[in-house]
Amino acid sequence: MNFNTSLVIMLLNLKMSVDRRNWLKHGCNLRLVILVLWLVCYVSNGQTIGDTSDFNNPAVLPLVTQMVYRSLSNSTAALNRELGIRAKFCVKDPDADWNRAFNFSSNLNFLSSCIKKTQGSIGKRICTAAEMKFYFNGFFNKTNNPGYLKPNVNCNLTSWVSGCEPGWGCSVDPTEQVDLQNSKDFPERRRNCMPCCEGFFCPRGLTCMIPCPLGAHCPLATLNKTTSLCEPYTYQLPSGRPNHTCGGANVWADIRSSGEVFCSAGSYCPTTTQKVPCDSGHYCRMGSTSEKPCFKLTSCNPNTANQNMHAFGIMVIAAVSTILLIIYNCSDQILTTRERRQAKSREAAVKKARAHHRWKAAREAAKKHVSGIRAQITRTFSGKRANQDGDTNKMLGRGDSSEIDEAIDMSTCSSPASSSAAQSSYENEDHAAAGSNGRASLGIEGKRVKGQTLAKIKKTQSQIFKYAYDRIEKEKAMEQENKNLTFSGIVKMATNSETRKRHLMELSFKDLTLTLKSNGKQVLRCVTGSMKPGRITAVMGPSGAGKTSLLSALAGKAVGCKLSGLILINGKQESIHSYKKIIGFVPQDDVVHGNLTVEENLWFHAKCRLPADLSKADKVLVVERIIDSLGLQAVRSSLVGTVEKRGISGGQRKRVNVGLEMVMEPSVLFLDEPTSGLDSASSQLLLRALRHEALEGVNICMVVHQPSYTLFKTFNDLVLLAKGGLTVYHGSVNKVEEYFSGLGIHVPDRINPPDYYIDVLEGVVISMGNSGIGYKELPQRWMLHKGYSVPLDMRNNSAAGLETNPDLGTNSPDNAEQTFARELWRDVKSNFRLRRDKIRHNFLKSRDLSHRRTPSTWLQYKYFLGRIAKQRMREAQLQATDYLILLLAGACLGSLIKASDESFGAPGYIYTIIAVSLLCKIAALRSFSLDKLHYWRESASGMSSSACFLAKDTIDIFNILVKPLVYLSMFYFFTNPRSTFFDNYIVLVCLVYCVTGIAYALAIFLQPSTAQLFSVLLPVVLTLVATQPKNSELIRIIADLSYPKWALEAFVIGNAQKYYGVWMITRCGSLMKSGYDINKWSLCIMILLLVGLTTRGVAFVGMLILQKK
């Protein structure tokens, strides 16, 4: 700064401080002004003042101090520009950080004291920008000890003056000009050495003074004769210099190397020369420049370094627990109230519908009775006698038919609920809807009302239930009247506009052969026949006969097999997958959601698989009809249950399993042993429901095992298979005994025919009369009976053809090794082909020929969302356990691991990453590992996989947001780091999102036990790799690919940003050692989210590839 600039600034300061009148009043004259300007000029240019008394003048010293401070600020600003590039990784805002460290404008007393002490030569003793740069550049060299500097022009092996010792400094020659902003050259500074001023530090190896940063305490040292140390610092007096005394501070570095310079914990340092104990009700961390008030509900004694925030942690967890309890209880209460109201409406509708049909039956009976009496009286008695009989009828309360009709109609209209319900199935009945608002009545006669459709009339829940149960009761009445009704009669009866037509499908197959690709074994061979709509076809045979294989081949689910022959649909060669929306497949295992009720399971499939344009009233009718026909009314509101939690009985569960496919109104229904494990009554109830479906035109094919005679006679057709997948019989059930009798196979008395035929095919029954036909010849007999071509090997020697084994060769070691290698290679190839076929099958696209438009993906996402939300609500105890474990983990880690200022809390964050990753991964595995079978079944039926995946991920967002809050409620308030709660919460949310995606992938690609093992192993291994020194390129690459590295960096950066002032070197040193960049906090967050999103994509692709349809 030149003289003219100094003059202008001085005049402005004088103008601002006092006005002209005060100047004259205090007797200031021209001589004082000239003296002040001269002093400022010399001090600012690094000159000394000969007369010390001039600096004791109160009017001169503040002005000179301001000028020195401006020069010092300019030099530190120049140093900031020089070091800003190298320190970019640890300084986010250079100006702000430098201002927090060297902005002494609030109190310049230490400068004034130093001006007095140095007799005005302070400008010649302060380090230039080049010397400061020389000192600070040493910290970027990892091998350099901050206590020692390299030799330089002033301190070297040939020149080591007293100012080179720690805590001392020297001045330049009095005639030499010093430019503090010079960042290139060292001035020769070896004269007039003296102890360092308070508020400055003089490093060993430099002869100049550097101002201590804010947050430091740099008093003059005093000699401790016991330890020979210059306290509070750690340097000793040099040997051989008896006149040398303790000086000032000697170093400013990281907390490990220069902890004595930092303002001690429990105190704060408003200036670098003043330390004040912390008052009661306040706390002061190490390196503080001011005391901070403690929060309410916390107690802070004097000299407190940190406040106890355990109470806030308890309050947070109490608030979170309260909110969760409110959410769960309110949701459960809402669901319970809704279900209770629906149950009341349903029960009322059932009572009214049954009462109405009882009245209708009574009316019909009365009509027939009156008609019979009239006819009898007319034939036997006179008119007078007939009049007497009429009086008798009146006495009995029965009038003529018109009076009865009027009475019944009036009783029907007397109920407000029944008067407003839309009754579309009544025949030749008029219902008047008389409301309180005086609307005109509507006459409904099984057709649309003029100006209004049924969909518009059926609005309320009561009306919908009444509509459904009136239809159900009418169907029951019709079934009772037409017990022997045939399929053609049903078709004729279904011509009214109320009945929806189902797509009729006939399946026919010719020379159907199924061969395993792995070993070439034929599981089906030359199977020919057909399955017609409106009929129930039973597939029977001994074990290994290929019953399930036939069902899978017809349903298009045979994977890993080579299929030959023809499968025709309605006489056309089309893919069965084109009709998957109207084909139901009931697996042998009861794949039903155990944490849903019976009604909820059925309703979910109805919503997702019934036509999208079907009205709600018709959907209610479908579901209620299935519940009623399967006898599930008593348990409709009961949870199905799981292995761990008991629910409904096994027979009821089996019926629910069948109802999931019946509720979508299929055209073809395949069932794999639906009666296994059921008693006779349950089996009959199930077959009665299937019989009703068949009467509506459904083509039903089912595998059964040893049915009773009653169930056997319920079937329309029978497919009997022998071992090896050969057909023994395919035709009507009523003609099976006739056919086998023609072969000389007669069923003994009191023996169930299907059991006897199975024993014959198993070879258990040896004697079969005088026919001389062996059980192995029965398939060939059936082919000859139907006129099919018999394969050559069967014609020659059927049994030998089935039992011939390939030559295994000799037992020589060479052949054995070649055989083993050949078998191993064959197994590898077969496994590869099987996986390829599964992937190809999963991604098979077929033209939709079902003519059914199911709900869109977005609508199915909504249904999945509601179902999964209910399941999570019913897993409240399990969720509470997860939260409790996280709570305990946060409390334990927060209590055992204290936040360290030296490492910015890195050890605690390392254990946090391991604990939270491990616990959240294991919990997230349940989202996909527990219901793989359910997903495979739903996906095979045509439900959207993306809707299922997105719904589960959406519901898990609740845990992703809540679990970090639960953990931090203990960990954060126990450790009380300098970073904010919000910063820690954001990082932890992103971490949980990341590990949840990884858990999805593990759950889908691995078995549950293996997935749990990897969930424990991955966080530990990846965290250890991420915290290892990056000495090799491989370790660095692996660390960059592991999510713990980015989570830990985000945690440390968030905490390091709150350390400034005296902590600047510590912050830069720690970040440089770890390889972190303070500007990459957002990048770390984005990478965690990207990993979570990528792993979710991988999990979704795996879900599509690995699904078993």
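In case you wondered, yes, glycine gets a Cβ from its N, Cα and C as well.
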Out of 1043-1063, 1085-1105, which range is noted as transmembrane segment by Swiss-Prot? 1085-1105
Segment assigned the feature transmembrane segment in Swiss-Prot (from 692-712, 755-775, 1007-1027): 1007-1027
Around the recorded ATP site, report the further residues of that chain (criterion: Cβ within 8 Å of the mean position of the Cβ atoms of Gly541, Pro542, Ser543, Gly544, Ala545, Gly546, Lys547, Thr548; site residues excluded), sequence-ordered. Ser549, Leu721, Lys723, Gly725
Looking only at Gly544, Gly546, which of these binding-site residues has the biggest number of Cβ atoms within 10 Å around its Cβ? Gly546
Which stretch, 877-897, 904-924, 954-974, 1085-1105, tops the Cβ pairs under 8 Å count with the transmembrane segment (986-1006)? 1085-1105
Return the residues near Ala545 (ATP binding site) by Cβ distance under 8 Å, restricted to its own chain and a separation of at least 6 in sequence. Leu721, Ala722, Lys723, Gly724, Gly725, Leu761
Per the Cβ under 8 Å criterion, with at least 6 residues separating them from its ends, the transmembrane segment (1085-1105) contacts 838-839, 842-843, 928, 935, 945-946, 949, 953, 986-987, 990-991, 993-998, 1000-1001, 1003-1005, 1043, 1046-1047, 1050
Are the transmembrane segment (877-897) and the transmembrane segment (954-974) close enough to be called in contact, which here means at least 3 C-beta pairs under 8 A that are separated by 6 or more residues? yes
For a quick check of understanding: among the binding-site residues Gly541, Pro542, which residue's Cβ has the most other Cβ atoms within 10 Å? Gly541
Counting across all protein chains present, how many other Cβ atoms fall within 10 Å of the Cβ of Lys547 (ATP binding site)? 25
Within 10 Å, the Cβ with the most other Cβ atoms among the binding-site residues Ser543, Thr548 is that of Thr548
